[in-house]
Amino acid sequence: MSGPAEAAPPERAPHPDAEAPVGRAVLPGWFALLRRQLHLTPEVNVVLAVLVAVTTLFVVAAPRAAAAAYDDALVHRVATALPVQRDLTVSGTPGRFFEPQPFTDALVADVRQAVLDRLGAPAADLLGATGFAAYSQGFDSRTLPDGAQPGGEPARLTLRMQEAWTERVQLVAGRAPTSQLGGVAVDPDLTSPDPGGDLPAVEVALAEPVAATLDAQVGDALLLESPGDGVQLPQFTVVVTGIFRAVDDGDDYWAADPRALVPARAPTGDGGLRWLATALVAEDGYGALTSAFAGAGAPPSLPPQVSGNLTHAWRFVWDAERLRAADAAVLTAAVGRVQTAGTTLAPFPVRASTGLVGLLDAHALAVGVTRSLDSVAYAGIAALAVLSTTLTMLVGTSQRRERLRLVRARGASLTQVSLLLAAQTLAWVLPGAVVALVAAWVLVPDGGSPAPLLLAAATVLLPLLVVPWAVRAETRTLHGPPARGRLHPAARLAPELAVLALAVLGVLALRRRGLSQPAEGGVDLYAALVPTLVGLAVGLVVLRLYPYPIRWAAGALARRPGLTAFLGTARAARARPASALPLLVLLLAVALSIFAGTVLSTVAVEQSRAAWREVGADLRVDDPALTAEQVETLAGADGVAAVVPAYRDVGAAVGELRPVTALGADPAAFAELLAGTPLAVDLPDLGGGGGRDDPLPAAVSTAVGDDAALGTAGRLVPLDLRGVVPALRRGADADAVVVLVPLADLTAVTGGGVEPTSVLVDLDGTLGGDVPGEGVGDAPGDGTADADAESRVEALLGPSASRDVTSREEVRDAVAEAPLPAHLRRAYAGAVVLAAGYSVVSVALLLALSAAERRAAVSRLRTMGMRPRDVRRLPAWEVLPLAVAALLPGVAVGLALPLLLGPALDLSPFTGGPADPPLRPDILVTVALCVLVAGAVAVAVLLDAARDRRANLSSALRIGDQT
């Protein structure tokens, strides 16, 4: 029996927001669903896109900037090194048994080519210039015809034949010398016995400062004779045919012998001073030199023979601007091949000398230290980026929970939903990542390899990897609040103990072997992660302990009037597990920022201390020809608070100890000058001396025995040791033993043979008054020298070829603005800014994570009469416990990390001082971080409260209602 046909239920129109079942969807439907999903939770998607873009910019730009800084550091190190350290010089002198050989242009070219062949093409391409020169020993000189000392002082003149020097000078008087050998009649009383007629005369040219020092004019003749400590040659003369001025006195061409442009002054064995200068002969004047060395009447040799009285030098100058850090291995191997070439380079014995390998080794050490410190900051930022990105994905997934559940309920698998959310995430983050990648390449066009592209790809993939986990957590149940997965206690405890063990073992290992391993190259990733592991370990401990004080606080607040504080702390105590991520982000950010601030503060302080050690005052004027009138002029100049004349001999000796730095100064004035500075000393009483036969009262930096005598200025002076003052070593910038004696007593004991050679100047303003070119000191009124100290001293005292002016400010700025210190400052400052940004995002996301539940609770409370003021306070009380729980341990970790890692940190490449100075926490950074965290919490709370005020009561009350 059949009943009436059952009526089909009426077909319901689909809800406008309902998605088609993914399992039965065709491709166009899937894209339509994706298009609708892209418009969901735009705020979180924007935050995620910005996070990925900023992180991509960092992971690409930071390594490239570091690589560029390493290259710049090598360029700076080579460019600022002394020529003897930097250049490759192949030089030699034929020995006594050398087989005579003609000196020709072909010989010079063959040796040059032999060196280039040994260097190899890759290294030879890095050369900027090559040159050849032949030069003599220094000859004692006297003016003719009367035989007086040139300029009234002893002088030694070196004769130099150098390629292409005439192309780099401008004659201001006379003409260029020729290769013709002339003769000059000399008074027989000035010559050796049996002079044999006129003495040979070599034509020379002098630079203007040299001519002024020797009081020489065009046409003047000088008699040259071998010094007692040199090879004895017949007397001969030189005739000045021209006086020149260098077209560019800063040209590296003149670095081979700077005395060709400016004479130098050096002490003599008897405590006096002599001038050292160089005269240039004709570029083809080799024959004239060898004929002059042969003496009067010797027949000329055509072509001239290679002379054993001349040093032949081939100079190879590296183009510093072409050098890159990757060239270090090539240069080291190339220099090694030249240095081991032996007699294959020239027909006579030559020796290759350079300090380039030492410069490269020092650069490798500095780069290794810098790379290690960089890696510490990069590891911390990477951890913050991972945690912040994960938190953002969890918040976004949480806000789409109901829609994702609906898709799952209509037949979509977990994989399909994950792919849908991953596609949406990729659509949001990929454009920003590409823009950030291009921006990084534009901002840092040089430096590094394409390897950062892998880091950029990992940054984009990170949120996609979080998607399956987040989707599974939110769709584990299809109705009601999300179910929390329950782990066995051991499953959670094991990784936490592993992190704690890795942190402890890492700290112990770092303190034992240091952070950098320059011999191995690269970066020790585990060592770089240790500070981050310490922060994570402390964060995990805090998370374990966090609920107990919060519950206690909630219970205590429950007994007090008012609902807001209790409700906020109670909600904080029941926070979702994902709330642990903001706590870790805040804690790591605070710890990393304080650690970075401590490193930067220590570097700045040590740079200043290193400048004090090198200069010894605000300004130091060194001049062997210093006069009492010049000291008085300096003392009376505007901006000068005090001056201390001093005698300084770095080549002195005490008994068998050498070298010893002898320092003669007024002890009281010296101690007063250094009072309140990093070089402050407490000197014993050095009075009671002064007699010519009395021992000199002295203070030493290191014990040297009771019966000690000071050897200086060609004299041996007995000492009366009054005390050991280790701080003297700092004040004299000496690594060896330092002996301080009263200058007046030293002058009396030596019979006036010792005069001040330096002036230490204490400034209380700008030297010489307010004139153009004034520099900026450490702080207003701190008495620092300005940036143009040398020109100011010259304006006060007049020009001097032997004067050297050293400004403490210039020394400090030179160290601070070098590539590696400047890079470290930028890297760590950038890390602090990024950490602050991640902190702000984490606090905002923490509030967003519980926004729906909080809005529902607030709406219900508002219907029951909660005041708007209390509504605004609720988010603050909810986030305050977590902020405090992150801030206090974060500050503690940041202050403890320098103590834990201090012995492992080598800061010498950035300070010019000791490798492991005491680390000094920056209190301002610590206070600023606390204010920043408080500000981040306040901003996030205000934004959240404003959003809650706009919420519709009826819609908020229906949150979670499934009917």
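Numbering starts at 1 and runs along the chain as it is shown here.
Glycine is treated like the rest: Cβ placed from N, Cα and C.
The feature compositional bias 'Low complexity' is assigned by TrEMBL to 1-10.
What TrEMBL records for 377-444 (among others) is domain 'ABC3 transporter permease C-terminal'. For the domain 'ABC3 transporter permease C-terminal' (377-444), the model's pLDDT averages out at 84.
Here TrEMBL flags 832-938 (among others) as domain 'ABC3 transporter permease C-terminal'.
Here TrEMBL flags 1-20 as region 'Disordered'.
Here TrEMBL flags 376-396 (among others) as transmembrane segment. Same-chain residues lying 6 or more positions outside the transmembrane segment (376-396) and placing a CB less than 8 Å from one of its CB atoms are 41, 44-45, 47-48, 51-52, 55, 58-59, 62, 425, 459, 462-463, 466-467, 470, 473, 515, 525, 528-529, 531-532, 535-536, 578, 581-582, 584-585, 588-589, 592, 595-596, 827-828, 831, 834-835, 838, 841-842, 845-846, 848-849.
Under 8 Å from some Cβ of the transmembrane segment (417-444) lie the Cβ atoms of residues 22, 30, 33-34, 37-38, 45-46, 48-50, 52-54, 56-57, 60-61, 64-65, 68, 393, 397, 400, 404, 407-408, 452-453, 456, 459-460, 463-464, 467-468, 470-471, 475, all in the same chain and six or more residues away from its ends. Positions annotated as transmembrane segment by TrEMBL: 417-444 (among others).
Note on the transmembrane segment (450-471): residues 48, 52, 55-56, 59-60, 63-64, 385-386, 389-390, 392-394, 396-397, 404, 414-415, 417-418, 421-422, 425-426, 429-430, 433, 436-437, 440 of its chain, located 6 or more positions outside it, place their CB under 8 angstroms from a CB of the stretch. TrEMBL lists 450-471 (among others) with the feature transmembrane segment.
Taken from TrEMBL, the feature transmembrane segment applies to 492-510 (among others).
Annotated transmembrane segment per TrEMBL: 525-546 (among others), in sequence order. If one looks beyond the transmembrane segment (525-546) by at least 6 residues along the same chain, the residues whose Cβ comes under 8 Å of a Cβ in the stretch are 372, 375-376, 378-380, 383, 496, 499-500, 502-504, 506-507, 509-510, 515, 517, 580, 583-584, 587-588, 591-592, 595, 881-882, 885-886, 889-890, 892-893, 896-897, 900-901, 904.
Here TrEMBL flags 580-600 (among others) as transmembrane segment. Same-chain residues lying 6 or more positions outside the transmembrane segment (580-600) and placing a CB less than 8 Å from one of its CB atoms are 373, 376-377, 380-381, 383-384, 387-388, 390-391, 394, 531-532, 534-536, 538-539, 542-543, 546, 824-825, 828-829, 831-832, 835-836, 838-839, 842-843, 845-846, 882-883, 885-887, 889-891, 893-895, 897-898, 905, 907, 919-922, 924-926, 929, 933.
The feature transmembrane segment is assigned by TrEMBL to 827-852 (among others).
If you look up TrEMBL, you'll see 879-903 (among others) marked as transmembrane segment.
Under the heading transmembrane segment, TrEMBL lists 923-943 (among others).
Listed by sequence, the residues of this chain that lie at least six past the ends of the transmembrane segment (923-943) yet keep a Cβ under 8 A from its Cβ atoms are 586, 590, 593-594, 596-598, 601, 832, 836, 839-840, 843-844, 846-847, 872, 875-876, 879-880, 883, 886-887, 891, 894-895.
Sequence-distant contacts of the transmembrane segment (492-510) (same chain, six or more residues past either end, CB-CB distance under 8 Å): 526-527, 529-530, 533-534, 536-537, 540-541, 544, 900-901, 904.
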